[in-house]
Amino acid sequence: MFSLGSWLPAFPGLAWGWALLDAFLQGLVGACAVSVLCSLLKVYLYIQCLNNPERQAEKEAIRAQRAVLEPLHVLVLTGVLALVGSRVAALVVLEFSLRAVSTVLSLGKGAHSRQLYVLCQYSLGCGVSCGLSFLLEGAPHRSWNLLLAAGLAGLLALQCQRLARHVCALYGLHSRARYCGLCILLLSDGHRIPALLLRALALAFAVADLAAVELINRDFLSAAEAARFWTPLTICYTLLVVYMQEEARQSADGGRVFQTVLVRMGGLFILLLAVGRWSDIVHVLVSLLGELWCLLCAGVLLESCRRQ
């Protein structure tokens, strides 16, 4: 068993090419994870709207989403995650984890916390990318492992997209006629989808947080240097969480969601101007585009979660 790079001579630019391929595959796995999350959330919200006569407009909005946007969403997000460096991706993961824990502790289990399923899209992609980067670091067959992971993730994402399209097209008929096993399963156990997503996201972010801390700390040569980075970062993140909690109490409008994205990325941008590298600044701008893209593509789902 040989790695992909072992088949060709050691040209000077070959290592850079394989690194770029690995980054693309990591981004693809992260984008597929986001696609699975969105598809399952779409199935759950559609079923909830179908069972509530007052939410028929939301149901039609979810059904009206174009299928062509799903592969486009995966493709764009793959490119963004491939461009974002592991350092900024790790910071995005840690920031969202802190925000999610704060939100869950302050609001508890309820309708408001379900917005986190939509808001965590980009952070989930960064978390999967960070986790793969850390777990496969130094692996002799890294490219092969990433290729296998990308294939499995792509297959799972395609199946979840097919499930969402099937539910939006035929669930109303099949659940009444009771002759489709998949729709009957969703009829009886569809309410468990949020709990399934919660456990999967908790595991994914637990691994991602450990990987993020390790990826950040490996750049420091001493404890003093690490303290000079972590101290302002902790203060910045704490202030951001307090600010966003106050904004959430005042309003839950969609415009506020985009505003908090700008505030978060702006705070991270200013912080990295002081303690980061020039490449981190570019990666923060790319992350801002990724966050906005995910929110734009999931606007219907976010509005449905907000109305619950």
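Placement of Cβ uses the backbone N, Cα and C atoms for every residue, glycine included.
Going by TrEMBL, these are the annotated features:
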| type | residues | note |
| --- | --- | --- |
| SIGNAL | 1-17 | signal peptide |
| TRANSMEM | 68-96 | transmembrane segment |
| TRANSMEM | 116-136 | transmembrane segment |
| TRANSMEM | 196-217 | transmembrane segment |
| TRANSMEM | 229-245 | transmembrane segment |
| TRANSMEM | 257-275 | transmembrane segment |
| TRANSMEM | 281-302 | transmembrane segment |
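Between the transmembrane segment (281-302) and the transmembrane segment (196-217) there are fewer than 3 Cβ pairs closer than 8 Å, counting only residues 6 or more apart in sequence, so the two stretches are not in contact. Outside the transmembrane segment (257-275) by six or more residues, the chain places 88, 91-92, 95, 119, 228-229, 232-233, 236, 239-240, 243-244, 247, 281, 284-285, 287-288, 291-292, 295, 302 with a CB less than 8 A from a CB of the stretch.
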